[in-house]
Amino acid sequence: MGLTSKSTGLSLLKNKYDIVKEDRDMIVIALAGNPNTGKSTLFNTLTGLNQHTGNWPGKTVSNAKGTFKYKDKKFLLVDLPGTYSLLANSVEEEIARDFICFGNPDITIVITDATCLERNLNLVLQVMEITDKVIVCVNLIDEAKRKGISIDIEKLENRLGVPVIPTVARDNKGIDELLEIIYQMINGNIKTNPYRLKYSDEIESIIKEIEPILIETLGTKYNTRWLALRLIDGDKAIFNSIDNILKKYSI
Amino acid sequence: MDSVKDASSRILNILNDKLKTDANISDSIVTTIYEKAEKIANEVLMIEDKKKINWDKKIDDILTSKIFGYPIMLLLLGLIFWITIQGANYPSQLLGKILFGLENKLTEFFMYINAPYWLHGILVLGMYRTLAWVISVMLPPMAIFFPFFTLLEDLGYLPRVAFNLDNFFRKSGTHGKQALTMSMGFGCNAAGVIATRIIDSPRERLIAIITNSFVPCNGRFPTLIAISTIFFSSLVSPKFSSIIATASVIGIILIGIFITLFVSKLLSKTILKGIPSTFTLELPPYRKPQIGRILVRSLIDRTLFVLSRAVLVAAPAGAITWLVANINIDGISLLNHIAHFLNPLGNLMGLDGFILLAFILGLPANEIVLPILIMSYLSTGSMIELDSLDSLKNLLINNGWTWVTGLNFMLFSLLHFPCGTTLLTIKNETNSTKWAVFTALLTTSIAILVTIIVNLLSILFK
């Protein structure tokens with residue numbers, strides 16, 4: 001039909017996530033989150049770029065990279081497609097997941113919707129399985145307040161083990177705090193201790209057997225526990241992803 | 001790479017060995033994640049017990065209700081067009097007066113410096129006049145229409161439109177999200193085509209791409225508004241003229257939506273067969289619109305963008321039109337030769353050769369079709385001052401237009417081939433020239449067919 005999943009925008013975009021050489025000396029920040037939580041708004045606020053924002057889910061179909069400066073550091077911000085999970089049920093999820101795992105961003109910001117925190121926490125927990133360097137933004141805090149919802153930020157920070165910042169991205173609220181936390185984290189002044197999920201005994205025991213094999217081949221550069229988990233989950237695509245990464249770096 | 005192969009086979013062995021139990025591992029993993037998320041959420045969330053009225057739901061119940069959904073949709077759209085038509089009239093005239101006054105000054109200047117006839121022709125009568133038309137006719141309606149459209153988008157109304165229309169699209173054998181991409185098409189068809197990326201099924205996505213240009217984009221709205229104001233408002237007393245003009249624009253949009261559904265159905269029954277896939281459309285919460293940002297975004301991003309594109313294309317197109325109108329072969333201008341050639345088909349469609357030529361020359365951008373047409377009428381007929389819709393009306397009527405011509409012009413504008421940018425986008429998005437050509441052929445055939453039918457009917461019932 002001429003139109004296959006390969007020829008559509010999303011898979012073409014896969015290439016766009018490769019960070020080019022001149023970007024290497026910049027600090028790479030990935031921006032993840034559920035659809036319609038304000039990722040593009042935050043992206044625009046931070047980078048000053050004018051990505052199309054609009055109040056409907058799935059609007060960010062093409063993805064954007066933008067740069068910004070804070071104090072003496074230069075940052076590269078990558079706006080990932082909005083997803084509810086990272087279990088690779090769709091191309092968007094696969095892109096987001098591969099970038100967080102193999103793109104090695106220096107920091108991953110997960111932006112969440114304060115009005116439906118529970119659903120958003122699913123994604124936060126999954127991101128924290130892949131990487132330690134996570135900052136959580138609880139966005140739309142004003143809307144939540146109007147609905148009579150308030151969130152104990154300190155307790156949330158405590159439970160998650162990573163910095164949590166309440167924001168109202170469209171009114172620029174909480175952005176300064178976010179920038180400062182990013183800066184402190186890059187300088188190593190903030191240590192995170194992300195909560196790691198414990199699975200059933202059966203799953204945990206298989207992880208113990210698979211992980212050493214992965215460390216043998218891949219080293220410790222990637223999160224082998226998470227890779228092992230994905231393999232147990234029956235995710236065949238992850239084999240290809242690992243293969244591609246190895247090819248790229250062994251030559 | 002042997003070590004990787006070795007590792008993966010060892011891992012597969014372990015998995016085959018250990019995962020004997022058919023207990024669903026994926027489910028177990030997902031459950032672990034969800035339970036933890038729920039636990040944390042319960043710990044940190046404090047929900048006030050006072051009974052807050054769920055306004056979102058109350059509003060949604062009305063806006064997406066079976067009874068009120070459609071009328072409200074039409075009323076909102078109608079209100080926006082009415083304000084646009086009412087409000088654009090005066091500034092359009094003012095801009096026209098200023099810009100065409102400047103044209104006279106320019107002409108005087110060219111006479112003064114003794115410029116050759118052709119230079120004055122190309123620069124002033126060709127380029128400047130077309131530009132003046134584009135700006136005076138298009139800028140005011142855009143500056144009014146775009147902020148309102150952006151306001152609806154910011155409020156979160158677009159997904160409700162999609163929700164209302166979902167049923168129709170499913171009945172046409174296509175994806176409900178096509179309602180969303182179609183709504184995007186009202187802004188710009190090229191953007192609408194890109195927006196189809198939210199549709200996963202290649203078959204449904206292709207249908208959404210092919211049919212996207214059946215809804216009028218921002219570039220065509222000013223033309224539709226101008227023509228409907230001229231020809232349909234005169235049918236009733238001046239008091240109701242803008243209401244009738246509004247109604248006819250909405251009528252054109254409804255025809256566009258109907259054709260979209262019809263062609264979608266046709267495609268899904270013939271060359272793009274398949275079962276519509278199900279999906280869940282999330283209705284986002286209503287959000288307080290940010291007036292400042294809306295104004296900036298709609299005026300700078302949209303209005304200036306569309307206008308500058310129109311200006312960029314209109315200037316050379318105006319020059320070319322003037323040249324074509326003034327290069328004579330056998331004593332008759334090239335323009336007349338071409339128009340004469342296109343005339344039989346044009347007449348059959350209730351139009352004329354000049355109109356068809358204007359659409360062909362307007363391929364780069366739909367915005368310039370009307371200015372080109374005015375140019376070609378002006379260059380052949382008597383020179384009149386064109387500084388208001390009234391003088392445009394006289395010009396068109398002098399060239400044999402009736403309300404049937406006006407209607408067919410609007411229909412052809414609605415249904416004909418997508419603009420150059422959209423065609424290029426289709427080519428890029430489908431990775432094939434074939435689908436872009438197919439779209440152009442299909443839409444144009446439908447446009448020709450519909451206008452011929454309307455024309456024949458009008459002759460029959462005269």
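Each residue, glycine too, has its Cβ placed from N, Cα and C.
From the options B:219-237, B:333-351, the stretch TrEMBL describes as transmembrane segment is B:219-237. Contacts between the transmembrane segment (B:354-374) and the transmembrane segment (B:109-126): absent, as fewer than 3 C-beta pairs lie under 8 angstroms at sequence separation of six or more.
Taking residue pairs at least 6 apart in sequence, the transmembrane segment (B:67-89) and the transmembrane segment (B:243-263) share three or more C-beta contacts under 8 angstroms. Using a Cβ-Cβ cut-off under 8 Å and counting only residues 6 or more beyond its ends in the same chain, the transmembrane segment (B:109-126) has close neighbours at 103, 318-323, 326, 375, 378-379. Broken down by DSSP into helix, strand and coil, the domain 'Ferrous iron transport protein B C-terminal' (B:249-298) contains 29 helix, 0 strand, 21 coil.
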